[in-house]
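Participant: Here it is, the structure in full.
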Amino acid sequence: MAYDHRHPVLSSLGKVGQSSGEIDNVEEPLVPVEFKNSENFSARAAILPFLFPALGGLLYGYDIGATSCATISLQSASSSGISWYNLSSVEVGLVTSGSLYGALIGSVLAFNVADFLGRRRELILSALMYLVGAIITGLAPNFAILIIGRFISGTGIGLAMHAAPMYIAETSPSKIRGQMISLKEFFIVLGMVFGYSIGSLLVEVVAGWRYIYAANTAIASVMGVGMWWLPSSPRWLLLCAIQRKGNMAELKEQAISCLHRLRGAVIGEKASEEVDEILEELSFLGESEEASIGEIFQGKCLKALIIGAGLVLFQQITGQPSVLYYAPSIFQSAGFSAAADATRVSILLGLLKLLMTGAAVLVVDRLGRRPLLLGGVFGIVISLFLLGSYYLFLGNVPAVAVVALLLYVGSYQLSFGPIGWLMISEVFPLRLRGRGLSIAVLVNFGANALVTFAFSPLKELLGAGILFFIFGLVAILSLVFIFFIVPETKGLTLEEIEARCL
């Protein structure tokens, strides 16, 4: 099935009104009036350029789900298959969070090499890190080697979470870009469910933790081979061309060839026209000069950084890791028979996450980003205040906690879960996209590590009820941030987003 999607000619530059969702017309031209952007693409041809990068998200989700079961197996005297199973709480914490700290390293690495390597080669390197990390972890003869393997896997996570949204955003037609990037979040959740399921099957097998961690080697191999086969991002090639990092004619021909492979035969002669249009927009937007580090904190990129880093920061500090920590005890207090088994509870919540993420994927390019963010975060606010009330005043009504938990998970997967990653892949100007997105990913993993580390001492100091009320207040601040700062990017090309929203 083929689509012929034509954007209307934009003749005015947006101006922020009462909220960032409102754009008023002014006389300054956005792009030359004769500019027209047409995107012909085959839905079938769009599958693989999404699928192979999205496997990086699947592997990230698998690591989350698998580790919860692997740590149980690792500490078992009867089934760990090792003599060093008696791990301290700090050592268990290192196993659990080792990949998270590796992801921080990967994000820093991406800042320095992303624009040099390009999106495709960065994803190939990510797949290699996943593969090597899984093999080292699965074969680890002692605790130190195990942690090294976890850090290497985490480096792959950091690179994948940086490059995959960029590659998908830059190669997807704007009509379905929101769905494609949101589907990556779906793959993360699918990986979590896959990890929980594989883990529950192998958790009682002798040395089951080795098999749990080694199971993702096949997926990492498929991802690496797939990214080797896929073409480079045409926009990255054109950025290299316009910044004089190669022969303009050769890079332009490569970009046309890549576009043919990405969009299918239906694009025909339109590929050359689309490349010319992208080059024209890049020249108009001043992308011809290579960006300096200082520019990240100036002008358009500073605004993009505030939008992107702000979203992923609120994504974590509204308590997402902490709420899920309480899931087994909440279900158990409500009398659910599955609550005694944390793995089954995790699978149940994972299925709910899949359902709600799927709903977001279906409507994100019709409703837009802002409605999903505002509606979903409003649900998060309600659920956090309900959880706080349960732990302070309504301890004898466990149904309140169950409803609040399900509302939180569903609301998060409609909003911060998929839309956070979508927005950070869209808002950065092309020549600063690699470095800007690496900072946003670093903020994401850093905030996750901070919330995870601080949760237990804060819970002991303040109590769960007060802590959830604090998270609720932070969620209200995030609503204000979204309403006034975050723009609507539905239906715009990446170049139009830069010109109109920044």
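Note: Cβ is positioned from N, Cα and C throughout, glycine not excepted.
According to TrEMBL:
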DOMAIN    49-490  domain 'Major facilitator superfamily (MFS) profile'
TRANSMEM  45-62  transmembrane segment
TRANSMEM  82-111  transmembrane segment
TRANSMEM  123-145  transmembrane segment
TRANSMEM  181-199  transmembrane segment
TRANSMEM  304-327  transmembrane segment
TRANSMEM  347-365  transmembrane segment
TRANSMEM  372-393  transmembrane segment
TRANSMEM  399-424  transmembrane segment
TRANSMEM  436-455  transmembrane segment
TRANSMEM  461-486  transmembrane segment
Participant: Which residues, given as numbers and ranges, are at least 6 beyond the ends of the transmembrane segment (181-199) yet have a Cβ under 8 Å from it?
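Facilitator: Here the qualifying positions are 50, 53-55, 57-70, 164-165, 168-169, 172, 212, 215, 343, 346-347, 350-351, 353-354, 357-358, 360-361, 364, 413, 417-419, 421-422, 425-426.
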Participant: Restricting to the same chain and to residues at least six past its boundaries, which positions have a Cβ under 8 Å from a Cβ of the transmembrane segment (45-62)?
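Facilitator: Non-local partners: 123, 126-127, 130, 156-157, 159-161, 163-164, 167-168, 171-173, 176, 180, 183-185, 187-195, 198, 215-216, 219-220, 222-223, 226-227, 229-230, 261-264, 266.
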Participant: Using Cβ atoms and a strict cutoff of less than 8 Å, what residues sit near the transmembrane segment (347-365) while being 6 or more residues removed from its termini?
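Facilitator: Contacts with the transmembrane segment (347-365): 65, 175-179, 182-183, 185-186, 189-190, 192-193, 196-197, 200, 324, 327, 338, 372, 406, 409-410, 413-415, 417-419, 422, 490-491.
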